[in-house]
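K.L.:
Sharing a structure, written as structure tokens. Questions coming.
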Amino acid sequence: MVWILACSVLWSVLLGPGVLADDRLPNATIPLHYDLRLEATGLGRNDFTYRGVVSIRISIARDTDEVVLHSVGSALRSTALRRCRDQAKIGHRVLKAAPDSELLHIRTDRTLRTLDDAVIVLTIVFNNTLGKEQKGFYRTQYLGPRRAPMVVATTHFQPCYARLAFPCFDEPALKTTFQVTIVSNASYTVASNAPIANVTWLPDGHKVVLFERTVPMQTYLVTFLIANFTSVHARSPSGVEVGVLAPPKDKDWLQFSLQAATVLLTGLERYTGQGLGVAKLAHAVIPRFGNAMENWGLVSYDEQYLVLRKRAHRLQRAQAVITIGHETAHQLFGNVVGPAWWSYLWLSEGFATYLEVVLGSESYPELVPLEETFAVRHMRRALLEDAVGDRALTVEPLPADTNQIETLFDTITYSKAACILRMINCSIGEAHFRSGVRRYLTNHWNGVVTPADLYACFSTEREPLMSEEPTVEQMFRSWSDKPGYPVVTVERLNASYVRFRQERYQQEVTAPDTHSRWHIPITYFSNSSQGKYEYRPAFWMRESDRVVVAALELDWEDVLIVNPRQVGFYRVEYDARGWERIVDVLTLLPPVVQAKLLDDAFVFARAGMLGYETSLALLGELLENPHPVPWLIAMAEENIGFLQRVLQSDEFNRLVAGFAGEMFRFTGNVAQTLLQSQTLDQALGWLGRLGVTDSVGKSRSVRDTRSKACGVPSVDEMVQSLVALDIPPLERKRLFALLECPSNPALTIRVLVAALERMQATNLLTPAKQYALLERLIKSDPARLLMPVVHFLSGDGTGYPYGEEVISPSRPLQRLLTLMIHEVSDRGQAEAVRKLITEYSTSLSEDFLRRANITLTSTISWHTEQVPKIRALLLNDSRLGARYGQTDAL
């Protein structure tokens, strides 16, 4: 009860008295406990209706004459209100809701008083149907014996879909306990968040499964599962029962995921010094789920993360470890301590993303190398995203609009937040960071938080390392409260003194930001410093500093590399001599440092801040380097991929094929590490795209095998793979294996468009998620997929799906169109994109079309001016030309 009172006080503080802002629930009534009974007994005969009864104990926090909660899609059969202390009935009526409202208003015949009524019970009897979409309480299936379809009833409630399954107070600050009862066919496996309390067998072939009361949790974490499943179990050293649930056909392939789940849980408990506070943690395979969801005590996964054969590819095992680690970390970060509103989603997803790497690298270093994983998987991806983004980590104000809330599940919330946490860790030291994290969990156990609560947990026990160092709260707020990141320009003045300048980096330059500044930890490497400041800041540029001159441990002949280990969330530009010195010593530097320098050079060259001669010079040095990380970065779509698309040159294609051949040679047919596996996969992708069949020895046989194995996918296969890209942090998976299949690329593109049309016709994804999916498709292969996406969305095709119903503000749509603008490579593409923007103009910001026209004009001008220069540069680059320029060399 103490926790309940504390939660009520917090809720009052968050919203204030009598506030119903931006469609948020009023705070007059607070849920204290749910008893939820669901009867779904028709699955075996394809009857997908279910009956529900929910009884909610509610605290009267302020005098009111109505109870307001959420309900979507449930047909209410009856409602009852009683006062708890004497069971007195309370007269009431259900108000008619507006057509698009998700709120259920129950008006009482008299005013409910905080002192007289205190706690009431609302009981609602309702009917509903298992949905076909991956929302609420829904149905999916897998193929059982003799390929018979086996129905699975399961849930997906994040962010705002519990209201689709049963009436509830569906906001994240309202944590409370649940006791769930499921009535099902006797033969089915039934699971929920908590362990089973008892099972009652009924004479009609059904059973009643009562689960124990849960710990206090948010509605979006409630889950239940009814399926013909089997399971395997283990017990962690701390006594938690760890299980994996899956279709019987998969039982022999669950041991790796069971071991990983147990090991990663133990690592989380060791890192935080905390247990989960639950008796069991199950991980369930959900057919066609496509992603993963951290439901408390019963986590949902697509089968690719839990079902791994003994010879599973190293990439699949690594993704399994990372995903299981992410969802395990959520049991504390997000579940035990959760954000009070979706504005602070990064507190949950950022910690889970950070810890997926930390925990994975501790237990599976060969699969999840720490620095390389942050560099390749998170830092680079977040920097690219934040260059065109317009939102901070903390998003305030944020209305209760599901479409807008869904847009927050992106690279900024996941990867940027994780990078900021790592930057704070390195800046203050592991011991102080871990101490603050443990205090955060202890102080807010089973509660909800705002960013200020996190910052406050780092404000004790530590003195600044230097006088100009910002406080930990200042560090956090500098990076969480504004969008974007800086470029730090480094200029050597003499032997020891260096001038540092900060300004925001923006790929979109029509409205430059000249005001944003950050607290920046300056780490560096020089020959003289001997690694002293590679992780620990030598000093801080403060938000008030646009320019700083500092003396470093540096001699005139030393190489100077700032932010060498990619600790800070920023890019670094050097003067001409600085880049020349870096080119000279590139092969002597650690691979992660090489990768960072290459990525910055290519990004700056594309933005016109640096000549491509520097990027190509670095690439030339890389030819003698067999490490995967810098090659993975150099050959990315945004770097070499961009040049390959804009040049459209057979000569450059031969160079790229030569680069892919280098990657293939030093990885070999059988990769030994995760990074080698990724490099081999990327090399094969390039060779397939370029149509190279006999360039690099054994690569021909590998590619031929791949070609024979794939074939053109069906529309159903393509839809399943597209849905698997629903959550941004997931890697390219089955979809890109299908798209890269060389047997019939034109037909594959037609299947892709047909799959998109089917998803649109069946409303499989919300508008926001569809736009995010299309964005990811273009990023994966702009040369092939830009124009199919443009035609799909255009009014001339069938992909103009939303008209006046498009979400507003349509941030995901604008992001998609902005990406298209920057990926056009000729006037025909530019005109098609311009026409598309005009069609959607009523759903875009007022000046978007004007700014788009400016950018399209400048993009085409860039192509006109720069492409000939780059071609000439490549023609005159004797080193690259001599190695790869001759056709017979390939």
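Every residue, even glycine, has its Cβ placed from backbone N, Cα and C.
Keep in mind the model is a prediction, meaning the values are calculated, not measured.
Copying in the features that TrEMBL gives for the protein in this structure:
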type: DOMAIN; residues: 31-221; note: domain 'Aminopeptidase N-like N-terminal'
type: BINDING; residues: His326, His330, Glu349; note: Zn(2+) binding site
type: SITE; residues: Tyr414; note: site 'Transition state stabilizer'
type: DOMAIN; residues: 560-701; note: domain 'ERAP1-like C-terminal'
K.L.:
Compute the average pLDDT of the predicted model within the domain 'Aminopeptidase N-like N-terminal' (31-221).
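P.N.:
Taking every residue of the domain 'Aminopeptidase N-like N-terminal' (31-221) together, the mean pLDDT is 95.
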K.L.:
Within the same chain, and leaving aside His326, His330, Glu349, name every residue whose CB is within 8 angstroms of the centroid of the CB atoms belonging to the recorded Zn(2+) site, in sequence order.
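P.N.:
Near the Zn(2+) site, the remaining chain residues are Glu294, Glu327, Ala329, Phe333, Gly334, Ser348, Phe351, Ala352, Thr353, Glu356, Tyr414.
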K.L.:
For His326 (Zn(2+) binding site) and Tyr414 (site 'Transition state stabilizer'), what Cα-Cα distance in Å is obtained after rounding to a whole number?
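P.N.:
That comes out at 11 Å between the alpha carbons.
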K.L.:
Would you count the other C-beta atoms found within 10 angstroms of the C-beta of Tyr414 (site 'Transition state stabilizer') for me?
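P.N.:
I get 28 for this one.
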K.L.:
Please report how many Å separate the Cα atom of Glu349 (Zn(2+) binding site) from that of Tyr414 (site 'Transition state stabilizer'), as a whole number.
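P.N.:
Checking the Cα atoms of Glu349 (Zn(2+) binding site) and Tyr414 (site 'Transition state stabilizer') gives a distance of 5 Å.
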K.L.:
Reported as an integer number of Å, what is the Cα distance between His330 (Zn(2+) binding site) and Tyr414 (site 'Transition state stabilizer')?
P.N.:
12
